[in-house]
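To start, the structure itself, in structure tokens.
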Amino acid sequence: MSGKSPAQTRVVVGMSGGVDSSVTALLLKEQGYDVIGVFMKNWDDTDENGVCTATEDYKDVAAVADQIGVPYYSVNFEKEYWDRVFEYFLAEYRAGRTPNPDVMCNKEIKFKAFLDYAMELGADYVATGHYAQVRTDEDGTVHMLRGADNNKDQTYFLSQLTQEQLKKTMFPLGHLEKPEVRRIAEKAGLATAKKKDSTGICFIGEKNFKKFLGEYLPAQPGKMMTLDGVEMGNHAGLMYYTIGQRGGLGIGGQHGQLTSDPWFVVGKDLTTNTLYVGQGFHHEHLYSTSLDASDLSFTREMPETFDLHCTAKFRYRQEDTGVTIHVNGDKVTVDFDEPVRAITPGQAVVFYDGEECLGGAMIDVAYKEQKVMQYQ
């Protein structure tokens, strides 16, 4: 933290209209900071009935800001979001991958476009309602730690943040558990105290994912096959399926199958537009032993090349897995201590040293004993 007192320290809070960011603003105000609330409009989400959830969310921001006595603004990042997040989202699906727009949104919008805007407002820091913690060393190095609420920890989505971004960021909810955040909101009588949490990708909201994606990318139906070459039917388009997926295949008890085990997506081949399926949660083709990833970013300064044994997550809320990472610039090879199920190209692999989130990269390809897994 700077040598300024809280009263001299301006913190611009990203307020979404949800309970987490509302309590973030409240706590900072109670601690004596000079707080400004900012609502980011990242997507035109007007539905076919002319209803825009962003309008309702902004009303909630205004109500909470008025209640706690802080000024508030709205800023439009629709163009930045389209260019930096949505175009990436579509490009990944075109490439047969499964993107993670939340990771990209934090990297490009909430901690870049928003951070820049906050600095124009004279901010010393930005703050968000994410469940993560920061610890600063005497030399000024900032470490990003998991949130105290293990069920809500969001460091996975914040893994692409840089040291420069973290030095200007506060996470006031990091030491709290979610039920306590709700209690604080209710005790303060905040307008958002009972508002349910938003889930899913912000620009899709409650819409049907298949229908939404089909509006932007033409679906290309193709063959659904087993790895032995047995045809199992047709798929609706590779972009609608992810590695390890069970539902939506439409192949129940048929084709003289030998067991009653459910069917899963075990592979994709973009060149032939084939979806590969197999029976059993633990199908051998779902397991790999290493991966290559790119766009590697660390939360603090690291050497250009090094090897390290640490733990990793390959998706949100997954148990940590022991790994050895081999870093070369912005690329990394990750060897798993034991085989891992359903590694998904396009998703983030995030590295941890105990409680500290070291950073992350985007998965390009998975291997099983040096053999490329046909996952895209």
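Indices start at 1 and increase along the chain as displayed.
Just so it is clear, glycine is given a Cβ too, placed from its N, Cα and C backbone atoms.
These features come from Swiss-Prot:
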type	residues	note
ACT_SITE	Cys105	active site, nucleophile
ACT_SITE	Cys202	active site, cysteine persulfide intermediate
BINDING	Gly14, Met15, Ser16, Gly17, Gly18, Val19, Asp20, Ser21, Met40, Gly129	ATP binding site
DISULFID	Cys105-Cys202	disulfide bond
SITE	His130	site 'Interaction with tRNA'
SITE	Gln347	site 'Interaction with tRNA'
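What Swiss-Prot annotates, mapped onto the structure for a quick look.
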{"residue": "Gly14", "record": "ATP binding site", "Cβ contacts under 8 Å, 6 or more apart": "Ser21, Val38, Met40, Lys110, Phe114, Val126, Ala127, Thr128, Gly129"}
{"residue": "Ser16", "record": "ATP binding site", "Cβ contacts under 8 Å, 6 or more apart": "Phe39, Met40, Asp57, Val61, Gly129, Ser198"}
{"residue": "Gly18", "record": "ATP binding site", "Cβ contacts under 8 Å, 6 or more apart": "Asp57, Asp60, Gly129, Thr192, Lys195, Asp197, Ser198"}
{"residue": "Asp20", "record": "ATP binding site", "Cβ contacts under 8 Å, 6 or more apart": "Gly129, His130, Tyr131, Leu173, Val181, Asp197"}
{"residue": "Cys105", "record": "active site, nucleophile", "Cβ contacts under 8 Å, 6 or more apart": "Asn42, Tyr81, Val85, Cys202"}
{"residue": "Gln347", "record": "site 'Interaction with tRNA'", "Cβ contacts under 8 Å, 6 or more apart": "Thr98, Pro99, Asn100, Phe314, Arg315, Met362, Ile363"}
Worksheet, complete the sentence: Minimal Cβ count within 10 Å, across the recorded positions Met40, Cys202, points to Cys202
Worksheet item: Using DSSP, would you call Gln347 (site 'Interaction with tRNA') helix, strand or coil?
Response: coil
Worksheet item: How would DSSP class Gly14 (ATP binding site) in three states?
Response: strand
